[in-house]
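So the structure is just underneath, and the comments pick up after that.
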Amino acid sequence: MNTIYSKIWNAALGAVVVASELASRRGRRGSSRLRLVAAGVLALALAPLTIHAQTAAASCTYTVDGVTTTVPATPTGDGAFACGVDAAASGDNASAFGSNASATDGSTTAVGGNYVDTDGTVYGTEASAFGATALGAGAGADGFDSTAVGSLAYATGQGAFAGGSNAGADGYDSVALGANAQASDRGSIAIGGGDPDPSNGFLATEAQGEGSIAVGSLAAAEGRGAMALGYQTVGIGDNATATGNGAWAQGAGATSVGGAAYTGADAATAVGNNAAALAQGALALGADSHAEGVLSIGMGSQDSNGYGGAIGAQSLALGYNSGALNAGTVALGGYSAAPGFLGTALGYNSMAIGDYSLASGAGAAASGASSVAVGENSAAGGDESVAVGGSAAGGQFVTEASGIGATALGAGSYATGDYAAAFGWLAGADAANGTALGSGAWVQSTADNAVALGAQSLADRADTVSVGSVGFERQITNVAAGTQGTDAVNLDQLNALQAQLDLAGTALGDNTAAISTNTAAIGALDGRVTTIEGQIGDLQQSTMELGAVAIDTAGDGSDDANALAGSKGVAIGSAASAGGDHATAIGGDSHAAGANDTALGGNARVNADGSTAVGANSTVAATATNAVALGEGASVTASGAVALGQGSLADRANTVSVGTAAHNRQVTNVAAGSQATDAANVGQVEQALVTAKTYADANAQQTLQSANAYTDAKFASIASTADVNGLRDQMNERFHGVDKRMDQVGAMGTAMSQMAFSTQGINTPNRLGVGVGGYRGEAALSVGYSRQLSPRANLTFGAAVSGNEASGGVGVGFGW
């Protein structure tokens, strides 16, 4: 009698079945469960039939519809059992059920008949390694403790499991589940069915590489630690991850998340439907986003024309159809574009076309190399040009700097000549090296090197300075006495000359009247000067030395700049404010209160419409409309007046002051006046004196010589030009104080803090933050990454750039 197996009655089946003699029987001492041989149960469950098994039985019989059939079998192992045509159980405790079933090692189980392929090839069911189990026609379990379930399923790796028709598990502890699924390497998992797909070269669901995982019909993961989750998802490369139907991640560490998301390089990341990251380290975030440059970042969808995205190396594109198209470029805002090398475009539809250019504001365009355009629809077309200000007159006029090195500051201002400068609402400089300062001031294209100083002033002749226009002349007040041939003279000098000539009245005879007439004509000049070429030329040079413009909307993090909503004004600097239509305020605490005002400099204050203040602490009173204050501490209290120089005061309407009653200045390098309203210089006064001498009677010669001697002595006593030179130095220092070094470190600190704040509240293992900041005129960009190492530990690192400055840091945090 076989000492391991015996025949028992199974009441549930109503038939005799084979069971181990170690199994407990029903009864008082036995358990309520019988340990049945699974293969015997499966073989007998379909119909009532009887199997006779004996030690080393060579055959078994079964009865169907009253017909008994005997089939050959070969159970040769100790405790083995075999049933089926040519079934073989050669291993100890092995079991083989079915035609040609083969259980050849210890504790193996093979259940299933032959599988006949379409070409006539016959596959038998086989379990050939210790503890292996093969269940299904043609199934094969060849690995230690492996399991294969399904027709033609095979498991060759130790502990491997293959479930499904033609599923294959070749790796150690690998799992293949689903028709045609393949798990090839140690710890790999393939779950999903489907027919082989010749179009992509993969055989249904496939996991190749140690620890790889493929889940989904036709999913494929190739590489150590690779993962593919979703229908027709592909992950190729070590640690590559693809999640979402049709997602593709190709490259070591590449990640694609979203339907049809695609990465094509090492460490690239694409998140969002149809997102694409094509270069090493590139990051694409958002549906249809695109990052093509090395280490580039693209955020925001792109339309079908393929225009946008982060194309250049280390570029950043943020916004719908934004395009960072060159190396190091930044495009922030819908339809923004930065095609120029290292260009920056900030705002909807902004364009940074020139290399190193900056365009900030909706519709702003900087097309010249190293150009700057700040404000709605502003345009900087010339190389190294600067345009700061929004549009004027309801959008009819835009701020424009089209000349090389040109500067336009103020809503609607324009500088079309090379190296021209225009400051103020609708101020214009069309001539080369021309300077227009004040609301509506204009230098015509034929007036090279000319200066128009004051609201509505017109300069129409080359190498001149105009402080008004025909019918709207101004006086120049607080003029120090001239000492050089090209200096301006003041009324005191003319009155002194007239007094000297009056002393010779009797001796001169009939010529006295002529001399008196000339004296009166000279006195009628009344100190009014329209050409101050040298001094304003220095102003022009200082203005050009501004060099660049940066934006600071929250300089110290607490006092934000403020521009009235809908006014098209510009406010730049901590606590700067632009309160009227087309107003411009640049500098900390600067204030442009009314329409068309321009305030430039720390604490520059303009309180009347159409006025301009340039210089720290410069002021225009509320009663002084269309006025100009130029210089640190300069002030204007009367309409149409101009105060020129540090501390100057203009308190009479339609005058130009270059000092105060107590502190006068000379006006030097004044060209000879040629029209009635032109300023006269000392040379002209001296020439008038020579003319008077020529017509004087010989008897008055001694008197005239005395007058000349007195006049010469008076002129010789005048102080040197040190005061004017000091003024020029102060103005240069003040304009340089617009500060090339507006603290880039502070800007980077602000950007880093904003980057950190932007990731707060995100509860994911990986967080990416981007911050933009500014401090006193300098802008900075910061990018950081945070990784949760465990619930109690974080790793962070980040970097910030501002101009040529850069900083970075790494941090580790722990909690308990």
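FYI, residue positions are counted from 1 along the chain as it appears here.
Cβ coordinates come from backbone N, Cα and C, glycine included.
As annotated by TrEMBL, domain 'ESPR' applies to 1-47. Taken from TrEMBL, the feature transmembrane segment covers 34-51. Sequence annotations record features per position, and here TrEMBL assigns domain 'Trimeric autotransporter adhesin YadA-like head' to 141-167, 169-194, 340-364, 366-392, 401-426, 446-469, 566-590, 592-618 (among others). Summarising the annotation, TrEMBL assigns domain 'Trimeric autotransporter adhesin YadA-like stalk' to 475-515, 666-702. The domain 'Trimeric autotransporter adhesin YadA-like C-terminal membrane anchor' annotation in TrEMBL covers 765-816.
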Selected stretch (most C-beta pairs under 8 A with the domain 'Trimeric autotransporter adhesin YadA-like head' (366-392)) from 169-194, 401-426, 446-469, 566-590, 592-618: 401-426
Distant-in-sequence neighbours of the domain 'Trimeric autotransporter adhesin YadA-like head' (141-167), which means Cβ under 8 A and at least six residues beyond its ends: 108, 110, 112, 115, 123, 126-135, 173-183, 186, 190, 193
Long-range environment of the domain 'Trimeric autotransporter adhesin YadA-like head' (592-618) - Cβ separation under 8 angstroms, sequence gap at least 6: 392, 409-411, 423-426, 437-440, 455, 569, 571, 573, 577-586, 624-636, 639, 643, 646, 731, 734, 737-738
Predicted model, mean pLDDT over the domain 'Trimeric autotransporter adhesin YadA-like head' (566-590): 86
Tally of residues which DSSP labels helix, strand or coil - the domain 'Trimeric autotransporter adhesin YadA-like head' (141-167): 0 helix, 9 strand, 18 coil
